[in-house]
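Annotated features in Swiss-Prot:
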BINDING   Ser21, Glu46, Trp47, Arg48, Arg82, Arg213, Ser232, Gln236  3-dehydroquinate binding site
ACT_SITE  His143  active site, proton donor/acceptor
ACT_SITE  Lys170  active site, schiff-base intermediate with substrate
Amino acid sequence: MKTVTVKDLVIGTGAPKIIVSLMAKDIASVKSEALAYREADFDILEWRVDHYADLSNVESVMAAAKILRETMPEKPLLFTFRSAKEGGEQAISTEAYIALNRAAIDSGLVDMIDLELFTGDDQVKETVAYAHAHDVKVVMSNHDFHKTPEAEEIIARLRKMQSFDADIPKIALMPQSTSDVLTLLAATLEMQEQYADRPIITMSMAKTGVISRLAGEVFGSAATFGAVKKASAPGQISVNDLRTVLTILHQA
């Protein structure tokens, strides 16, 4: 299986990498949050752009991205607009979503973009090609904050992302029971052992699914999300606790 290298970080080998999400409404809070995050122990900075108020002003968005890049130049920067339909803060049209991601790619400020699988097949394929032409990696994602589908469906979605040439397929699902967590873990393992030729990220959300955020190295998830301050999704634990547990499991 091939790994994915972003800056000096190799994703897909060793302990799962820690991603943290920065959620800020304006330039001033981007700046203050960035300074606070700089002291934390994590591997990838995700900027959740859907929390940013001045979205229609592309110059303002890119000015904020520049602050993040300059404050943490060594950290891979993942640009993510999470749509309202997948649990994000704002709803925008598909055209605006694609344009925003293309602007991020064009800026040269971001290392990775998050691209939602169910944006539309043609738009997804074109945006992946555009990102790769500009040396930007793509995390292709799907989120369900209500339920966990059958393992076959989870695997089918991850394989579709892989077929669309995502660098890293990602799926996050809400469990309604502990057995749903086992379904997610079993699907992750089957994907990793039988189909994946690149790193994948999977997680079961909420308190019920916390084990999935810790056991990635066992079942085949290459990264996990932790919280510096406020969790960006239910079930995230603090980066310090997360690093401790990931290290224990890695060294066991």
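Heads up, the Cβ atoms here are built off N, Cα and C, so glycines get one too.
Here the recorded positions are Trp47, His143, and the one ringed by the most other CB atoms within 10 angstroms is Trp47. Cβ neighbours within 10 Å of Lys170 (active site, schiff-base intermediate with substrate), excluding its own Cβ and spanning all shown chains: 27. Taking Cβ-Cβ distances under 8 Å and a sequence separation of 6 or more, the neighbours of Arg82 (3-dehydroquinate binding site) in its chain are Arg48, Asp50, Gly88, Glu89, Asp114, Glu116, His143. Taking the Cβ of Arg48 (3-dehydroquinate binding site) as centre and 10 Å as the limit, one finds 19 other Cβ atoms among all the protein chains shown. On its own chain, Arg213 (3-dehydroquinate binding site) has Met203, Thr224, Phe225, Gly226, Gly235, Gln236, Ile237, Leu242 as residues at least 6 apart in sequence with a Cβ closer than 8 Å to its own Cβ. Between the alpha carbons (Cα) of Lys170 (active site, schiff-base intermediate with substrate) and Trp47 (3-dehydroquinate binding site) lies a span of roughly 16 Å. A sphere of 10 angstroms centred on the C-beta of Glu46 (3-dehydroquinate binding site) encloses 22 other C-beta atoms.
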